[in-house]
Amino acid sequence: MSPRKPSLDFGQCVWVSDLNEGYVLGKLRDIGNEKMTVYLLDSKKTVTAAYDQVFPAEEDQSKDVDDNCALMYLNEATFLQNCRIRYQRKKIYSYVANILICINPYEQIPELYSKEMIKKYRGKSLGTLPPHIFAVADKAYRDMRRFKENQSIIVSGESGAGKTESQKLILRYLCESCSSSAGSIEKRILETNSILEAFGNAKTYRNNNSSRFGKFVEIHFNSKHVVAGGYISHYLLEKTRICLQHKYERNYHIFYQLIAAAETALASELNLAPPDHFNKDDLYDELVDDYANFVTLNKALIGIGVAEKDVKAVFQTVVAVLHLGNILFEETSDGSTDSCTVSKGSEDSLKIAAKLLGLEPNGLRNGLLFRILQPAKGGEQKTMIRVPLRAQESAAARDALAKTIYSRMFDWLVAVINRAIPFGDSVSYIGVLDIAGFEFFTVNLFEQFCINYCNEKLQKFFTDKILKQEQELYTSEFLNVPHIAYSDNQDCIELFEDKSIGLLAILDEEARLPKSSAKHFTARAHQLQKNHFRLDTPRHSKLREHREMRDDECFLIRHFAGSVCYNTEQFLEKNNDALHMSLEVLVQDSSLFPITLKRYHDREPMSKLAFASVSHKFRMQLEQLLERLKSMGTHFVRCLKPNSNMQHTRFEGGQILSQLKCAGMTNVLKLMQNGYPSRVTFTSLYNMYKTIMPPELIRLDPRLFCKCLFGAFGLNDNDFKFGITKIFFKPGKFAEFDEVYSILLKAFSVSVKNKICYRASALITIQSALRGYIIRKEQKSRAKKAEQERLDAELASDCLPANSTTRYNLSNLKYPELRDIINTSNDIELITACRDEFYQRLKAYHHWKQNTDKCENEQLRAPASVVELKNAQRYFKVPFDRPASQGLWYAHFDGQWIARQMEIRPNERPLLLIAGRDDINMCEIPLQNTQLTRKKGAEILADEFETLWRYYGGPPYKLGLTSNQSKA
């Protein structure tokens, strides 16, 4: 058999993987067994890349789409390019089915969030207008009303991706769009943003307004679906930042806002010194107006109803923490025991801090310089022992006191906010989750450890909700949707949570030991988890700073978003937020915030064995949150960070692609394009229409009613599918149905009744026409590729010579050169080797072509399941077309895979092949990828095949699973 020229798309535009840009555009020049040769259009260079690193490009490179599922070629390269084009055009939003993608613009886009825009998106289905954060908020609201189910919106992404701003926009939309008027409750809910940002946000290396705590904000609605109140749950405030900030970072905004207000009358009242008096670096940020933000904060506190004396007490606490940070200690020695004293230059700060906290100066001094111990059982009752502290220990006590005071004040503020927005008559709510994104720095501490653990849990929830549960639902509802493989991070979660050898359990166990240490904890973690893929030693880090550290100083965890090396030096201290007795006595004696600061005053001091660690409490909070999310309707907003320098218009493709992959969006894109992301139960749809339907239609079964209804509307069958309990819609198609629903509510129900009744009466006629259509169209092509490509794919698969290894190295020859040698050479061995190489390349190319082809769904009026069932057994006869060959080739396909094959030639014994026994010599291509269904007259009746099969002695065939089906 001599090869024919295949229809290879040399010159076709393709995307090639690139480290910095994600993908770069080029043109296909040549193909090999494992790699393709591509000419890059921008750099004018020729490169080779593996097949899985090359993707076909869209025909129109300047075109963008609102929903990435609408791309002609559905792959991560075109996905990234669509995001790039839209970002350059200041279209920062796009969809992946019902999931919103938001790329931080790092600039204000005029009119994007105006009141007119809120009105524009009110009541509009997802997909009817350009992608927008308001569209997701409106969908959550309408789903809450329609399905009478609480909803949640999960805003996720890396630090600096815009999660906080997105959350604020969602709250603003719900409060302004879903309320009867601009009432006090709605205003108070919006006022909370500036309060929480002032006390819980800070500038970090990657984000000027980074949320250093997690929050779940609930907007509650009454029976009339009007905003009735709200509630805020907060998680894991970063306390370390109060006492320590890294280079180019700042403390919480409130400290700088108060310092900026130092010229006001408030300054003297609070003993607020000039800015340079405090031990704070990077006081000023040219991008932030601290004084204006302080004015806004003050108005917000008054706006939510905080009494003036309480506002003053809040500011007192913040200034007291500032002055605590100025207290320094000096080592002294009394000849027997090491001790320390407050340095002379810090006396004023100590007195001011004591005054602001409502304490005696000597009481504060003694609390910082001494630790109070209670003797063990057998000692004198109520006897206390004072143990002097060294300077380093006193500094640690000072920091612990400052962190505790600030964090309890933050708890008190959140409680005040919740009292200001009560939701007594609530019947449902929408929750918006904003929690710190995945973090990795040069130095990663306990805070990053907890934050990234949380993000692992949220990623698992996303994977289960969108990928795993979605595919399980399709299976249970008998929908024919291809399976999508995805990465599961359950093993990483188990690394944290295992009850006996999980990192959290090892950390808590270490804290209970008499002589616990961070090094012992780290070494034990490496020992118990030495075989776990996710945990490794620092020497395997990509950063030199990590590789230089000892194994008992840190460990490396391979997270879903990348590897992070954690310094464990302060894990034990930060995991225990309980104050020692002398500091707790100080808090109890304070006249400031008598209820909040003394929340432990009725509790006995906990022993080491009974303490509740920070990580344990956080894990319990997280479990409760996820349980709530699982019981609610869920909507996702994926925020992306376009570059590391927070510059507008700059799009770093490699960074964006990494975020998309880590978030699982490339897998979601494939699933949603083939799947049905919108759905509604038959019962819910039935109940929606029940109030406007006449009695004879109400009596119908909900499923039958829905089928009649869809038939009456005349909707395209390819846009939806009926499951067992639900109706499923293709991406964006639920919006069309929703429009029909809105029109129906305004129309007369009698006209709908006539339509449905007419359609129901014609049901038998429709079914007969459908069966006739299937029979008449049995010979119609279902293949998607050109006939020549199909033939080449079959030839490459069926006709590869066995044992084709030769002494020739042909890997460096270009594809046209191989073809020329075959057609002109007289060297039989060389021709054989070139043919072998030719077919191997052809097979690799067509495999790539098949996996990256256009996303075009075959337009069948009959359901796919009906067609597949009808054509399960198909038979074909074609003549051999190889030169100097005569005879006929017969094939029996059981479904998509060949079951039996006959080759009949003149003067030769017929060759009969059966799947499972002779697979190596049989066609390996699925039926839909051959040219057989396109070849006129190729398909024959079963009787013709069976007669010849029996005539030549073929064994009886039993319908069942072929070997190829087994492998599929």
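First residue shown is number 1, and so on along the chain.
Every residue, even glycine, has its Cβ placed from backbone N, Cα and C.
What TrEMBL records for this protein:
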- Gly157, Glu158, Ser159, Gly160, Ala161, Gly162, Lys163, Thr164: ATP binding site (BINDING)
- 9-59: domain 'Myosin N-terminal SH3-like' (DOMAIN)
- 63-742: domain 'Myosin motor' (DOMAIN)
- 622-644: region 'Actin-binding' (REGION)
* Asked: When you measure from the Cβ of Gly157 (ATP binding site), how many other Cβ atoms are you left with inside 10 Å?
  -> 24
* Once the chains shown are all counted, how many other Cβ atoms turn up within 10 Å of the Cβ of Glu158 (ATP binding site)? -> 25
* Work out the three-state DSSP category of Lys163 (ATP binding site). => helix
* Structure fact -> the domain 'Myosin N-terminal SH3-like' (9-59) resolves under DSSP into 3 helix, 30 strand, 18 coil
* **Stretch-averaged pLDDT - the domain 'Myosin motor' (63-742)** => 87
* Structure fact -> Neighbouring CB atoms within 10 angstroms of the CB of Ala161 (ATP binding site), all protein chains considered, total 24
* Sequence gap of 6 or more, C-beta under 8 Å: which same-chain residues meet both conditions with respect to Ser159 (ATP binding site)? -> Thr204, Arg206, Asn207, Ser210, Ala436, Gly437, Phe438, Glu439, Lys641
